[in-house]
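Q: Right, I'll just put the structure down here and ask away after.
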Amino acid sequence: MQIPEYYNPVAREMAQALVEGFDKHYRLFRACSQQAKALFEQADWLGVQQAIRDRIQFYDERVAETVGRLHHEFHADLLDDEIWQQAKLYFIGLLTNHKQPELAETFFNSVFTRMLHRDYFNNDFIFIRPAISTEYIESDPPCYRSYYPGSRNMRVVLRDIMLDFGWQRPFASLRRDLALVLRASATFFAGQWPAAEANLQIQVLSSAFYRNKTAYVFGKVINGGVSYPFAIPVLHDEAGCLYLDTVLLEPWRIGVLFSFSRAYFLVDMEVPSAYVQFLRSMLPSKTKAELYTMLGLQKQGKNTFYRDFMQHLQHSNDQFVIAPGIRGLVMLVFTLPSYPYVFKLIKDVFGGPKEIDRETVKRKYRLVKQHDRVGRMSDTLEFSNVAFPRSRFTADLIDELRTLAPSMIEEGEDSIVIRHLYIERRMKPLNLYLMQCDEAEKERVIRDYGLAIKELACANIFPGDMLFKNFGVTRYGRVIFYDYDEIEYLTDCNFRQIPPAPNPEMEMSGEVWYPVARNDVFPEEFGSFLLGDPLIRKTFLNYHRDLLMPHFWQQRQQRIREGVVEDFYPYPEEMRFAATRGAAAKKGKHG
């Protein structure tokens, strides 16, 4: 971009400082992602988890660092509007040929909005709309590798694909695993392989995706005008060798790997927009916001989500309403029926016996953001100072906001600004779901509810409040926990058995005859508030009676303290090749 010579040199230097701040951030972000390959090879599972947690902090640290630099070197908060506008133009010019321009623009926005009032939050000062196209940005090497089978044996081509990742661990039996991949693929196509077209090729993303104990290989087979996506998870066996655990061929099953209830991936990307574009060609139902977020670029995901949301408001006319279900004691929740999300803000005064404050609630939500959600906790997008069109709020919702969270809103003639809120995927509250489903589905979902609690426990999470209203059911029928104000690390809890009453009169009195510390938990009490329905009680006790015993929880605590990282598979157990491999593949928890 050509910048006139008369422009203020301070604006040029500010733009350069902003680019340098972003480049430092992405350099550190990418170095952390590159580390994942070595951690996977070394089977350092705790290291993988720590890398994901550390990386989440990088962005805010670099934003704060850049804000400090602009204050110190330029007194930027005192500069006039024209210099800020010029700085944006210079910044755009510096992004020519940049490999991550969309991320840099978001970084600019984050710095700017930390320094100036929201009256400046328009396209003259920040990037409400993207300025630089991400189309056809090339990386070296390219973001994906192409393989042309031609007359070669498909197993040989697949072997080349796997070996090209260069893992410094041998495969236990790659030939065996590839035979299983081909067998599963033949079953998927009902034994009728599509006839090979002249353009038959396999495209595979150059970097593996690392999370927990797994490296995922993502690609697609292109044949004629049809594209077939696939994902192959690579794991370690007990001897430390690699094996292919399954092959996922249905787009919706591959999409589950990018679910909002999963931890972010570690992926080495020079051009992240190219990865997002490739993944969208595999998973067209996934939005750019979802994919950027799951690639660990949650700020870009949040920015893209907001742009999508603003566009949706322009093309819809329904109103925000109070979310259905039992009202929470801590959070006020509303939703827009035409948009699949809920909006949650912390009340000014909490109901009932809650002994927490606003900062504690925020800390709990940060815990979930940074923790491995193991497919059982909903991720959140956190926003500040969001302006909503007032005309889209029902009168009941406005009254609720004024009554329960007046400090969190600012009312204007045409807008309502919410100072702080969380946005989550909308799910059907479990308590409502159980009232509306048939007996067979009720049994299935209660079994999954118990599994959700057990898997959270294996991930060192105790929900605190396990009432059905605090869980939701996804469109795929999976039970997810989403109410975090009482969440605790499992290892911070003291699971106890209720001691015998000193006499029958004391037991019948309803009074507590034993001391109770703040972190004490008595699992045998769970049944009294969960299992009133006879069918629910029968199902729960049949599958999850152990949840009512302190021993279950104490065992999980011991494994966590010993550094054991459990297995969580984001696909059904029956899809795994483990049965064919025999004992070499250790059976874990499905997910």
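Don't overthink the numbers, they just go from 1 along the chain as shown.
Cβ atoms are placed via backbone N, Cα and C, with glycine included.
In case it helps, TrEMBL gives these features for our protein:
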- 15-317: domain 'Isocitrate dehydrogenase kinase/phosphatase (AceK) regulatory' (DOMAIN)
- 318-573: domain 'Isocitrate dehydrogenase kinase/phosphatase (AceK) kinase' (DOMAIN)
- Ala323, Pro324, Gly325, Ile326, Arg327, Gly328, Leu329, Lys344: ATP binding site (BINDING)
- Asp379: active site (ACT_SITE)
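Burial and contacts for the listed features, if you can.
A: Note on the domain 'Isocitrate dehydrogenase kinase/phosphatase (AceK) regulatory' (15-317): its mean pLDDT in the predicted model is 94.
Cβ neighbour count for Ala323 (ATP binding site) (all protein chains, 10 Å cutoff from its Cβ): 19.
A coil conformation is recorded for Asp379 (active site) in the three-state DSSP classification, outside any helix or strand.
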Q: Check the DSSP secondary structure of Lys344 (ATP binding site), expressed as helix, strand or coil.
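A: Assignment for Lys344 (ATP binding site) reads strand.
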Q: Give me the Cα-Cα distance between Pro324 (ATP binding site) and Asp379 (active site), rounded to a whole Å.
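A: Cα of Pro324 (ATP binding site) to Cα of Asp379 (active site) measures 20 Å after rounding.
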Q: Give the number of CB atoms, excluding that of Lys344 (ATP binding site) itself, located within 10 Å of its CB.
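A: I get 23 for this one.
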Q: Which residues in the same chain, at least 6 apart in sequence, have a Cβ under 8 Å from the Cβ of Asp379 (active site)?
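A: Correct list: Phe260, Ser261, Thr293, Val368, Lys369, Arg373, Glu424, Arg425.
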